[in-house]
Each structure stands twice: as C-alpha cells, then as structure tokens.
Amino acid sequence: MLSNQPHKSVLLDEVIHNLNIKGDGNYLDLTVGFGGHSQHILEQLTTGTLTGNDMDKDSITFCTELFKDKKNVVLVHDNFANFFNHLKQLKVTKFDGILIDLGVSSYQLDKPERGFSFKHAGPFDMRMHQSDRVPTALDILERLSEEELTHVLKKFGEIAHPKPIAKALKTLINNTKNPTTVEVAETVKAAASNFEKYKSRNYLAKVFQAIRIYLNRELESLEIVLQHIPKLLNNKGRFLVIVFHSLEEKLVRNYIFKLTHFVQPPELPVKLTPPFELITKKPILPTEQEIKTNPRVRSAKLFVIEKK
C-alpha cells in the first residue's frame, strides 16, 4: 500500500475556490491522482457526487482505498481521452465542475522504477498507464530512427540542437542493454556539452519531457478530452485546467479563446454569444509561499472558464 498522500496538490486553495462547489453538485476530477484535490471537493459536498479518473494504476489503487467508505465516489481507470466512452456505465453524465491537472505527480517522479526522473537510477519506462501493451520509453528509443527521434525532441521538447542528442541516444541504445534513466541522462549531458548554455538541468528535463509526451500521447489525449468538455458540463458549470509547459499552454489557450470569443457576422440580425466565459482573464499562478514549499509547482498555471 502506498504511503498517505505521496503527492502535494498544486494550487489547491485556488482550485477549490474557483470550482464554486455546490453541496448537491456533481464533480469530475479527470486526473484524480492521489486524491488531493478530490478530498477537498468531497468535504464540501452534501448530496453531491465525485467521479475520479486516472490512467495510473497506482493512483486508482490508492484512491480506491482512500475513498472506500464514500458512497458518492466513482473511480474510472483509463486515459482521460477515453472517459467519454465510460459514460454509459456511470449514473452521473453531466457535471457542475471538471478539473484537469496536467502535472506529473511527485510520486511518479520520485519512484525510480517508474522511470520518469533522471535523479534516480531506474528502468527507462515513463508509462503513465502501466499496461504491458503500452511501450516503454526504452522501447520508443529502440523503435524510432535517429531522424524520427530528432523530430520528437524538437517538437515535444522544443530543444535546440536535437540532432546530436538523438544520435547519442541511438548509439547508447545500440551499445547498451537496458540503459537506466541515469545512463540516459549522462548520455544527454555528454552530447549537449558542446552547447554551453544547454548544459543546464532544464535542458535535460526537456529531453525527458519530449520522450514522455510522445510516449504517452499527452497532447493528442488533451486535444481529445477538450473536445468533450462542453458536452460534459451543466450550464454554469466550470472547467479548470492546470498546465505546466508551453506546449500544453498553447493548446489550452487556443481552446479557451475559441469557447469564449465569437465574431458576430454582420449579416446576422440576432446577436450570438460564445458558449463560455472567462472567470479569470489571466491564468492563476502559485504563490511564492507554495513555490517555496513545493518548487515543482513554479511553472503551473490555472485556467478557469464557465459554461453559460
């Protein structure tokens, strides 16, 4: 059994405040993780319900135990892109608030065997969904050509000079059986050594980010789930999403703009209004105090919109 609350919830107070929770409302946490946000949502419910979704088996196992005495909680184990497919089995199909937290949990980062971190030696895995049918990060490095890997690093890590990194990683894979996360990290650092300003930890993090995003199809999944949000929300229901890097942010900003802005065609006699409105004109950022206690939240941004 996992230890209690192995992950600190990001922007917790801001999320709970902006969900505008009603005691009899129905709420959906599409990235329930280890139940941090969801626990606080539940505290404000009387006759309302909470539905939690996560693709991480450890998270669902933890939350099943955490919420075992809660009759108003339902958990779904799947990629949130597939959540819409589960509606037929659920009693609640429309929600008063939906939350997506796109961050990788501290538990995933700190557990070496999950392979997300370059701080600890472990298998180069990085799977959010630990199914045998899902390839690992190591599988991806083996399958992709040097040219394809270069493209992945540039597109999903926004990495300058990705070619020598890709070349070095392919050489590592060809010459080393089952290299660890630390060996992958050392290879990246060595390949980047000719580019003085790219020796930083941030550069290494971007390489790991690129492979993780590609492996787990994160941006593709985000695009799919965003298409379903308007259909899942009740009128006056709110959608909250926390992003952590520029690729997510760009996708979310474009999505929100389309839902909250409408160009009135001059030939239409009836004035049309967009289906959603912005609750916060600018994204909500972590406080200095939160960043001090949990440095991993420093890049987090919370967007909030409401269905009219």
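Placement of Cβ uses the backbone N, Cα and C atoms for every residue, glycine included.
Features as listed in Swiss-Prot:
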- Gly35, Gly36, His37, Asp54, Phe80, Asp101, Gln108: S-adenosyl-L-methionine binding site (BINDING)
| Per DSSP, three-state class assigned to Gly36 (S-adenosyl-L-methionine binding site) | helix
| message | List every residue in the same chain as Phe80 (S-adenosyl-L-methionine binding site), at least 6 positions away in sequence, whose Cβ is under 8 Å from its Cβ. | response | Leu30, Thr31, Asn53, Met55, Ile100, Ser221, Val225
| Across the listed S-adenosyl-L-methionine-binding residues, Gly35, Gly36, His37, Asp54, Phe80, Asp101, Gln108, what is the farthest Cα to Cα distance, given in whole Å? | 18
| remark: Least Cβ-packed of the binding-site residues Gly35, Gly36 (other Cβ atoms within 10 Å) is Gly36
| remark: Same-chain residues at least 6 positions away from Gln108 (S-adenosyl-L-methionine binding site) with a Cβ under 8 Å from its Cβ, in sequence order, are Asp56, Arg114, Phe116, Met128
| task | Check each residue in the chain of His37 (S-adenosyl-L-methionine binding site) that is at least six apart in sequence and keep those whose C-beta is under 8 Å from its C-beta; list them in sequence order. | result | Ser9, Leu12, Val15, Ile16, Asp29, Leu99, Asp101
